[in-house]
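Copied from TrEMBL, the annotated features are:
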type	residues	note
DOMAIN	A:48-357	domain 'AB hydrolase-1'
ACT_SITE	A:SER154	active site, nucleophile
BINDING	A:ARG224, A:ASP353	substrate binding site
ACT_SITE	A:ASP319	active site
SITE	A:ARG321	site 'Important for acyl-CoA specificity'
ACT_SITE	A:HIS352	active site
Amino acid sequence: MTQPQSVGVVTPQRLRFTEPLALRSGGRLDEYELVYETYGELNAARSNAVLVCHALSGSHHVAGHYADAPNNIGWWDNLVGPGKPLDTRKFFVIGVNNLGGCYGSTGPASVNPATGQPYGAEFPFVSVEDWVESQARLADALGIERFAAIVGGSLGGMQALSWTLLYPDRVGHAVVIAASPKLSAENIAFNEVARQAILTDPDFHGGNFYAHGVVPERGLKLARMVGHITYLSDDAMAEKFGRSLRHGKQVFSYDVEFEIESYLRYQGKKFAGYFDANTYLLTTKALDYFDPAFEHAGNLNAALAAAQADFLVVSFTTDWRFPPERSREIVSALMHNRRHVSYAEVECAAGHDSFLLDDAQYHGVLSAYFDRIEVR
Amino acid sequence: MTKTSLRYDHEVIAAWIEPGERVLDLGCGDGQLLRYLENSRQVLGYGVEKSPEGVRACVANGVNVMQIDLEKGLAGFEDGFFDHVIMSLSLQAVHNTVGILEEMLRVGREAVVSFPNFAYWRHRQAILNGHMPVGEDLPYQWYNTPNVRFFTIADFEALCEMHGIVIREGLGFDRGELVKEEPNFLASVALYRLGR
């Protein structure tokens, strides 16, 4: 057994699509580009492809690093690589930046060919299903008829689930991690606070801030702060920051006093420096709208009847954004439909963000599952 | 949940199961019994297991497994969904004995349980000699046993009677051999088919 390794230097690729894409919102993209990365080799039978779907602020950069930016390591590098749970000696792994994103795929900051200006507020609403459709076209272009597996955490898990419903015969296995069959009212409420922070920022300019040479930094920062709180657990925050005071005493000001304040402000500011406000709005709405049972009168059993894949569903005990009960709803509905499904409820203290971490139990189950997948 | 695995135990259970059934195995360990039933009876099987090691082993064995603590019941499992709900050599390791039996008969048409019989004559002999029984079916010392309930065939049948659980068939075994008489004294392991 060799030590797990990095996939090393990777290079993003770009594909242009000229067949118009009709979106669930009624909107339409006449042409668009997707940016993606691949790791490992597609085998002769084209049977070893694994699609990794990203979460809210993720991207196509799943593993490895860039030649000119050795510290820019993929967001799931601990999972993907030679000797890692998603072993690139066996699988051909694909990461893709979602439509509407801000890492190179066509999004609100891209130039609208119809106007020659950035799309801004004109960029249509995109849904989880639209992402799946665009990913299916990417798969077509890469000659992949059927994925050995589609995997994702959080919003990525919803995409994996959606794939099994929209393209049941194109997915061998779906790995749905820290996800939910739909958002709760509380989830939507947090998203709404984040959106309001952006929408009411004077620098937002109705979504057309590009033309003004500004970004709604305050709004984005607040949005990220509220989001970040929900990704962690109370225990994780207490362990990392507690009530530590920067000055060792209470100074009665609105400046940074508690370490957690410092951390949130830092994370928020950093995020606002690289993430697109319109992408944040679009993506949180895609989350809110996701509800495959909606068209089945709320009946998840009926909604998941289309799925043909085998499933691994994983949740984390301290995840209060998408707690284990939400994952178990998916499991129940799959079992109702007599699907092959396994469910791991991982004890991990880190809350929703646990899905990004290198937890031994979590990665152990993933390793065991991916090991069993046949790719002949 | 810890499970010692007895080959004959699996064979007897398999004989009670029709091909193609839906089977739930509670405290399924590494999924060995389910694998056996999938191969010999082509069942659609799901296991329930609490330990991370067991869950990982099931996944590695290609057996469907749910990481759930049995003590919390079987919420999320539909009434009558399963043909057989099995609990092989695990009932003695569950606190909520009556609750889990009722859950088994809620989600399944028939329950199959096996457990070590603490009234087995060798166990009685051990106690007479001043020690807790240790043996093939009770491979633990008193200080490291996962077992929390210590009961006998007679006790179990009395419990079923009290809770309206119908015993459809009961078998006793001693070292893999069927015990025809005095099972409460001569059998080390008991197997039951239960219904409502």
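All positions are counted from 1 along the displayed chain.
Cβ coordinates come from backbone N, Cα and C, glycine included.
Features recorded in TrEMBL, as mapped to the structure shown.
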| residue | record | DSSP (3 states) |
| --- | --- | --- |
| A:SER154 | active site, nucleophile | coil |
| A:ARG224 | substrate binding site | helix |
| A:ASP319 | active site | coil |
| A:HIS352 | active site | helix |
> What is the Cβ neighbour count of A:ASP319 (active site) at a 10 Å cut-off, with all protein chains included?
Replying inline: 29
> Just counting, how many other CB atoms are there within 10 A of the CB of the residue listed as 'active site, nucleophile'?
Replying inline: 26
> If you skip the near sequence neighbours and keep only those at least six away, which residues in the chain come within under 8 angstroms of A:ARG224 (substrate binding site), Cβ to Cβ?
Replying inline: A:ALA194, A:GLN267, A:GLY268, A:PHE271, A:ALA272, A:PHE275
> How many whole Å apart are the CA atoms of A:ASP319 (active site) and A:ASP353 (substrate binding site)?
Replying inline: 8
>> Give me the CA-CA distance between A:ARG321 (site 'Important for acyl-CoA specificity') and A:HIS352 (active site), in Å, as a whole number.
In response: 6
> What's the CA-CA gap between A:HIS352 (active site) and A:SER154 (active site, nucleophile) in angstrom, rounded?
Replying inline: 8
>> Can you tell me how many other Cβ atoms are located within 10 Å of the Cβ belonging to A:HIS352 (active site)?
In response: 23
> At the level of the C-alpha atoms, what whole-angstrom distance separates A:SER154 (active site, nucleophile) and A:ASP353 (substrate binding site)?
Replying inline: 9
> For the domain 'AB hydrolase-1' (A:48-357), what's the model's average pLDDT?
Replying inline: 97
